[in-house]
Amino acid sequence: MHDLLFYFDMAGVFVFAISGALAAVRKGMDLFGIIVLALMPAVGGGTIRDLVLDQPVFWIVSTHSIWVALIAAGLTFLFARHLESRMRWLIWADAAGLALFCVVGAEKALVVSGSPMVAIMLGVTTGVAGGVIRDVICNEIPLVMRVDEYFYATAAFFGAGVYCLMDYLGYAGPIALWAAIATAFTTRAMAILKGWRLPKALR
Amino acid sequence: MHDLLFYFDMAGVFVFAISGALAAVRKGMDLFGIIVLALMPAVGGGTIRDLVLDQPVFWIVSTHSIWVALIAAGLTFLFARHLESRMRWLIWADAAGLALFCVVGAEKALVVSGSPMVAIMLGVTTGVAGGVIRDVICNEIPLVMRVDEYFYATAAFFGAGVYCLMDYLGYAGPIALWAAIATAFTTRAMAILKGWRLPKALR
Amino acid sequence: MHDLLFYFDMAGVFVFAISGALAAVRKGMDLFGIIVLALMPAVGGGTIRDLVLDQPVFWIVSTHSIWVALIAAGLTFLFARHLESRMRWLIWADAAGLALFCVVGAEKALVVSGSPMVAIMLGVTTGVAGGVIRDVICNEIPLVMRVDEYFYATAAFFGAGVYCLMDYLGYAGPIALWAAIATAFTTRAMAILKGWRLPKALR
């Protein structure tokens with residue numbers, strides 16, 4: 001079961017890295033910029049999570065994610081043209097990556113801190129912080145905070161929240177993990193299909 | 001005495017969070033953006049301080065600050081209109097928050113590192129780094145580094161510096177804390193009232 | 001031999017700090033902005049490296065770098081006019097700083113993690129991350145990721161890579177250090193003289 005999680009995780013890293021690499025291509029950056037912006041969404045959120053939890057940074061312990069992100073950056077560098085026309089496919093893969101990242105992040109934070117509040121915050125951080133850094137480096141307001149994004153952080157919040165709830169109710173392990181991942185993915189998918197968005201403040 | 005400090009601290013978190021939430025509202029961000037930008041000034045500087053000092057991050061140890069910042073974000077979301085017209089009141093509350101943050105940050109850094117230099121740097125960091133992150137995410141040159149700001153970082157510097165000086169002279173505990181907080185607040189308040197600003201470089 | 005390395009290191013900090021201070025002057029920032037932007041390139045990359053490696057942050061252990069960066073900021077504040085006309089001299093000093101930072105960073109990361117992959121990543125990070133933060137705060141796309149920069153990160157990559165290779169081949173200590181530093185400096189110098197740049201993605 002954890003093998004399946006590992007392959008999902010690498011798939012999430014791959015797709016997140018492509019999102020960053022494509023942003024770099026769109027900004028006309030060079031190969032180094034493409035690599036850095038591929039790494040940010042792929043490992044940035046998890047790095048902040050591990051630093052805040054005072055745990056060994058996951059890509060120091062095992063460099064799999066780095067290699068996968070580098071391969072994604074290289075492929076994007078070579079085939080950027082073809083990838084852009086497959087944006088629709090990428091959005092769904094990205095939703096899967098987000099669902100996985102936020103739940104795995106929440107699980108780790110819950111084990112270390114014991115606080116559902118911290119678990120939800122760092123679950124969302126794992127899912128979205130790398131993308132925020134990507135957008136900040138690209139000199140843009142982060143996509144995840146804009147009204148034109150469909151429940152991105154919200155999906156991560158629901159995923160992390162459902163995991164904490166199930167853990168609290170005693171459904172530990174794979175059941176809680178997959179239920180939470182399904183919740184996050186469904187939330188994001190429905191929001192994209194139905195056009196759901198978070199409101200702005202009343203002014 | 002430390003109870004009083006706790007309530008002051010929460011008040012500082014509350015006002016700093018409102019400053020971030022209002023920035024998000026002004027940029028037309030959605031509710032998630034408002035929450036993130038509320039959290040940045042409220043807990044960002046202290047998080048960097050704790051990471052650099054290799055101490056447990058304060059909001060992992062106790063989540064009070066997070067709750068207060070979330071409440072501030074929620075209230076700003078609902079009542080942004082009314083808050084904007086009370087900007088003058090907010091500036092003074094912000095000055096109080098800054099004074100407290102920089103001195104409490106300097107105290108913690110001095111205890112851990114023993115170096116006044118490190119204490120002053122991390123005191124200023126605690127006071128201003130969260131606001132810098134807020135402005136960077138908003139895609140703006142940080143307010144605290146601009147000539148049109150009145151002694152913001154300078155007030156934090158004086159607050160942290162006076163605390164270190166009094167500690168060096170043997171006035172430990174509450175006396176040093178409150179004298180330093182008063183120094184920082186007075187510096188900022190005088191600068192606002194008199195229009196004092198830091199100079200630009202001669203060119 | 002390590003004394004020589006120390007003086008080189010301080011010279012690198014000095015020049016990197018000037019690069020940040022000048023960026024702040026160009027943006028019309030005040031004295032505090034000049035100090036912050038001087039500190040970012042000077043100690044920012046090494047700080048991230050130490051946090052990720054879970055090592056004590058180097059400028060907490062020894063504040064030499066902070067003092068040198070503050071002096072550089074002060075001199076830039078006073079003599080910005082004269083420095084700008086010496087940009088050509090600064091570029092070469094910056095290349096030397098980059099060469100040293102990336103190799104020293106790679107050495108530290110290799111000792112702590114034992115992984116050449118991690119060593120190269122954190123070597124490059126030590127060399128360029130501070131400059132990225134400087135540019136992000138200045139609200140600009142980081143120079144190091146733009147096509148108009150000559151092999152900046154590439155030079156850091158070669159420096160860190162050569163160090164790891166020589167370490168792997170058994171040439172530990174000063175020989176590996178200086179060979180790697182020479183490689184990084186030569187790469188950067190040749191790229192500047194010959195106009196070498198990294199390619200953009202094909203679109």
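Keep in mind that glycine also has a Cβ here, set from the backbone N, Cα and C atoms.
Listed by sequence, the residues of this chain that lie at least six past the ends of the transmembrane segment (C:6-25) yet keep a Cβ under 8 A from its Cβ atoms are 33-43, 64-65, 68-69, 71-73, 75-77, 80, 83-84, 90, 93-94, 96-98, 100-101, 104, 130-131, 134-135, 138. Under the heading transmembrane segment, TrEMBL lists C:6-25 (among others).
On the 0 to 100 pLDDT scale, the model's mean across the domain 'Glycine transporter' (C:7-80) is 93. The feature domain 'Glycine transporter' is assigned by TrEMBL to C:7-80 (among others).
Summarising the annotation, TrEMBL assigns transmembrane segment to C:32-52 (among others).
Annotation source TrEMBL lists transmembrane segment at C:58-80 (among others).
The transmembrane segment annotation in TrEMBL covers C:89-106 (among others). Same-chain residues lying 6+ beyond the ends of the transmembrane segment (C:89-106) with a Cβ under 8 Å from its Cβ atoms: 5, 8-9, 11-13, 15-16, 18-19, 22, 45-46, 49, 83, 119-120, 122-128, 152, 155-157, 159-160, 163-164, 177, 180-185, 188-189, 192.
The domain 'Glycine transporter' feature in TrEMBL is assigned to C:92-166 (among others).
Residues or ranges marked as transmembrane segment in TrEMBL: C:118-138 (among others). If one looks beyond the transmembrane segment (C:118-138) by at least 6 residues along the same chain, the residues whose Cβ comes under 8 Å of a Cβ in the stretch are 16, 19-20, 23-24, 27, 36-37, 40-46, 48-49, 52-53, 98, 101-110, 144-145, 152-153, 156-157, 159-161, 163-164.
Per TrEMBL, the feature transmembrane segment maps to C:150-169 (among others). Same-chain neighbours of the transmembrane segment (C:150-169): 95, 98-99, 101-103, 105-107, 110, 116, 119-120, 123-124, 127-128, 143-144, 175-177, 179-181, 183-185, 187-188, 190-192, 195-198, counting only residues six or more beyond its ends whose CB sits under 8 Å from a CB of the stretch.
What TrEMBL lists as transmembrane segment is C:175-193 (among others).
Note: the domain 'Glycine transporter' (C:92-166) comprises 62 helix, 0 strand, 13 coil (DSSP; helix = H, G, I, strand = E, B). Counting same-chain residues at least six beyond the ends of the transmembrane segment (C:175-193), those with a Cβ under 8 angstroms from any Cβ of the stretch are 5, 91-92, 95-96, 98-100, 102-104, 106-107, 150-152, 154-156, 158-160, 162-163, 166-167.
Sorting the domain 'Glycine transporter' (C:7-80) by DSSP state (H, G, I as helix; E, B as strand; all else coil) yields 64 helix, 1 strand, 9 coil.
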